[in-house]
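Below is one structure; the comments refer to it alone.
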Amino acid sequence: MKIFKTLTAEAPEKVFVSLLLGVFSGIGYAFLIPLILVSFNGDSAFEVIAPAEGGSSILEIKNAKFALAFFSSCLLIICSRTISQLILTRVAIDATVALRTKYYESILYAPLECLERVGESRLIASITNDIRSVIQGAQLMPDLLISLVTITGMMGFLAYLNIDIFRFICWAIFFGVISFQIPMILAGKLVKKSREKVDDLHESINGVIKGVKELKLSSDKRHYFFKSNLLESESQLKKSSKSALSVMRAAINYGDMMSFFVVGYIAFLFASFNLVSDGELFGAIMVLLYITGPISVIMNALPQIVTSNISLDKVEKIFGDMPKETVLQHNFSFSEFKSIHFKDVRYCYEDLSGGGAFEVGPLSFSIKAGEVIFIVGGNGSGKSTLAKMITAHYRPSAGVINVGLQAVDDKTIVGYRNNIAAIYTDYHLFENILGDTSESFDAFVRELLVRLKLGHAVSYQRGRFSTLKLSDGQRKRLALICALLENKQLYLFDEWAADQDPEFKQVFYHEILPHLRSQGKIVVVISHDERYFSSADRVIELEDGKISKVTVMSIDAPGRSRPNESVADANIL
Ligand SMILES: Nc1ncnc2c1ncn2[C@@H]1O[C@H](COP(=O)(O)OP(=O)(O)OP(=O)(O)O)[C@@H](O)[C@H]1O
């Protein structure tokens, strides 16, 4: 079974040892009943012997050999079963971490458009729920094996007791397995359907958590969302889960009772038509009653195994279909990173709605070091799409991007990205500064915190900010500090200043940008702040994915300076 491979792939030797111990344990179980039955041999295993004088009666073991074998089997079961389960539990924990790590890597190395297509909710649901479910199923391995070995051993004993009873039971098992498959196939389909509903539910949960502010503002909206989205998703999941579990429970009970039907048949009918001694009949019934335990273990494990297999399919569908960027993960070093050239670059979204895909391009322009470019345009004109092409998150469908004379391609793209610091509209602020956090940074960061008026709200020590519980504007200023610390060659700000006070807009447009220009950086700013367009060297206007206008700004405009020229008011850095 596929789910078991997740464990065997992690530590094959340990899993092998665990299974071997499971087999020993199963053999131990399979010996218990035969030992008792053989030791009875028509008499009592214990004989009351004369009480010692003045003392109470004691029991003396008559069949010491069998008794010893019996207790040795018990000991074997305790030791082998415990060690087997301990080993597998540890392997399961390692396998869970290994699987999650593999999928973290898949996410980190997948093309951005692919992650955007799958969506946050489905990724989180798979990494958290599905992987846990797969491992829970795989962990049942030793118990299943113990039960299978026990049943096999007991069947062997039955064959030894009476071959006719053995044959009859083989047919009963065959019939049971076949008739059990029908409800299980139906249950599998229902579990699959219910798993699909989990994604919808996650989407709704995301909505209730992220959209709580909007929902609180309107009781109608809240009521509608609660009923039509959240409760509807819950109700669909509840319906499909209940159906799946009902079918499965009924199938399990049928399977459980099958063994008692067989016991009843043998006890009341079989003996009437076949030549079976009382001893054989008694032995067969004991064996059959005994194996109802292992059968029950297998039956009860089946729902988890079905669910785990479906979870594994889901994980494989999401992550198996997720391509890895075919790029060389080598930090290519450009001979110089002084200019970027777009030549007839296009990017076309996949047409998912059928209403025609949006295309950006063909775009041809260059940006030099020490230049600040503003990209402007109406909503939906393609600014953010172009930003993602500039930062090489979206690879062009046509055309080329060069750094100087060197192309940004599979061999150089990782090196290209390593030269970029960006703040997107949906940026993420990490809790600590990732990378070099040497003490030399401390004074610099503290100075920036004070200049951006964050000094009272946040303190910084050794790569960590004291808190991220800040206003939106403050968080964005903190993101700006992190970006500046990176000291990259290309800076991209996607509407950074949109939610800043005029005071900080001023700092951004008239101090930060001129400073970056003076440092010879390539700076791309997506902006709607017309008041500050004069801070740019050039303003590229987009309309419907194409460049509609390029304006070269006057060198004398406020907030302007040439590369390497000291900036009078860029006094923060
Ligand atoms: N993931 C996507 N799949 C398909 N089409 C998309 C996707 N993202 C954006 N688009 C399309 O691309 C167009 C440009 O989007 P983009 O986000 O680049 O615009 P924008 O200029 O940044 O807009 P805004 O100023 O509103 O942020 C949109 O009209 C939209 O139809």
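Glycine residues also receive a Cβ, built from the backbone N, Cα and C atoms like all the rest.
Listed in TrEMBL for this protein:
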- 15-307: domain 'ABC transmembrane type-1' (DOMAIN)
- 340-569: domain 'ABC transporter' (DOMAIN)
- 15-37: transmembrane segment (TRANSMEM)
- 66-83: transmembrane segment (TRANSMEM)
- 140-159: transmembrane segment (TRANSMEM)
- 165-187: transmembrane segment (TRANSMEM)
- 257-275: transmembrane segment (TRANSMEM)
- 281-302: transmembrane segment (TRANSMEM)
Between the stretches 15-37, 140-159, 257-275, 281-302, which one has more Cβ pairs under 8 Å with the transmembrane segment (165-187) than any other? 257-275
Same chain, outside the transmembrane segment (281-302) by at least 6, Cβ under 8 Å from its Cβ: which residues? 29, 32-34, 36-37, 140, 143-144, 146-148, 150-151, 154, 157-158, 161-162, 165, 169, 184, 248, 251-252, 255-256, 258-260, 262-263, 266-267, 271
Under 8 Å between C-beta atoms and at least six residues away from its ends: which parts of the chain pack against the transmembrane segment (257-275)? 164-165, 168-169, 172, 176, 180, 281, 284-285, 288-289, 291-292, 295
